[in-house]
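Down below is the structure, laid out as structure tokens.
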Amino acid sequence: MTSMPLMRIPYTTPLPSPTIIPSSASTLQGAVAALGDFITAPARSGVGNGKTVILSGAGISVASGLADYRGTNGTYTLNKTYRPIYFHEFSASHEARKRYWARSYLGWTNLHRSSPNKSHVAVANLGKTGLLSSVITQNVDSFHSKAHPTLRTLELHGYLRSTVCLSCRTEYNRDEFQKDLSNLNPSWATFLDEMLKSGALTTENPEARRSRGLKTNPDGDVDVPDVEYTTFRYPACPVCLKNPPKGTKVELDDDGAWSSTSTAGVLKPAVIMFGESIPGHVKLAVESAIDEASRMLILGSSLATYSAWRLVKRAKEQGKPIAIVNIGGVRGEEQFVADISSDSSGAQGLRCSLPLEDVLPALVGNLSPDTSKWSTMRNDSFQPAPWR
Ligand SMILES: [Zn+2]
């Protein structure tokens, strides 16, 4: 199993509604108490470093104004017309790339202006208590690394802040790339300017955005009805342009954009697209983050992608307690939490379906006054008895 390539693939079967465990976790107060027990419970002897690894998904970024495109049933309910681009389409088709980059161009300003929300800040504060060992995120918005630069973040599906060349793997700053796109597409730059002035791209309110004919998707792109994507231009990789890889050619069209006569130098966002394999070093890093921790906390993910689901399965197989905070169903969740008693404290794991921006700050509030006491208590519990 571990030698299989990991691929990012969507999963769209509707998911059943969750069973709340323990039953006390159906209220905010009960859920926060159960999570407090979960995150401060002493680790079973010899299992991990005593800390928690977090796995976060789109649900944690919703409050930053980015749509959670899977909806509550694990399907693409919020934006029915949205279909993510597949890696094979992007790498094979110039037309698909024009469409992708045009939408990404319009969505970038909004993504760039949105910022970590209360939930990311709460994760940062949890990190300061020493309770967390690392954060694995499926999100590509860089909010975790912005909110907690010193608490380790592993980006399972890459990040939008860079582009990467498919031929030479050189990475470039996405902001600089945006300027190149503006220069190559002056009429689009004017359109973007107008949209920004109208407020359609800057409002946090999805209704207001929709009423202006725009939808922002979680990968940071924007749907615009009735536009001709085929006029869009995108630049070639500067490294490959200067020095094309052996046996390839990289050419520009009259406007200075990547020409379809080229056979290399294509730039891609540094995200793992659907149908693309997760790089070996990322796979290893996230697996060791699971292996070294003592328990796993899932925040705002329906585990719809196999690459995320199998990480939780890995932790479960190691006998580690699992806690899931997600609105709506989670793929295969019964096998992660079914063995937990409905009247337990939360230390063995839990499942709740409440908003993260309510649960996480309250959890931090509950823990903070006792943090110093808590770490003393924990050390005490590991003191060997004097007669041994
Ligand atoms: Zn290159």
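Note that Cβ sites are derived from N, Cα and C of the backbone, with glycine treated the same way.
Remember, TrEMBL labels are computer predictions, not curated facts.
TrEMBL lists His157 with the feature active site, proton acceptor. In the three-state DSSP reading, His157 (active site, proton acceptor) counts as coil.
What TrEMBL records for Cys165, Cys168, Cys237, Cys240 is Zn(2+) binding site. Neighbour density for Cys165 (Zn(2+) binding site): within 10 A of its CB lie 22 other CB atoms from the protein chains shown. Classification of Cys165 (Zn(2+) binding site) by DSSP places it within a strand.
The feature domain 'Deacetylase sirtuin-type' is assigned by TrEMBL to 25-370.
Residues from the recorded positions list (His157, Cys165, Cys237, Cys240) with a C-beta closer than 6 Å to any atom of ligand 1: Cys165, Cys237, Cys240.
Under DSSP, Cys240 (Zn(2+) binding site) is assigned to a helix (H, G or I) in the three-state scheme. Shown are the binding-site residues Cys168, Cys240; the one with the most C-beta atoms within 10 angstroms of its own C-beta is Cys240. A gap of 17 Å separates the Cα atoms of Cys165 (Zn(2+) binding site) and His157 (active site, proton acceptor).
Note on the domain 'Deacetylase sirtuin-type' (25-370): mean pLDDT across this stretch is 88.
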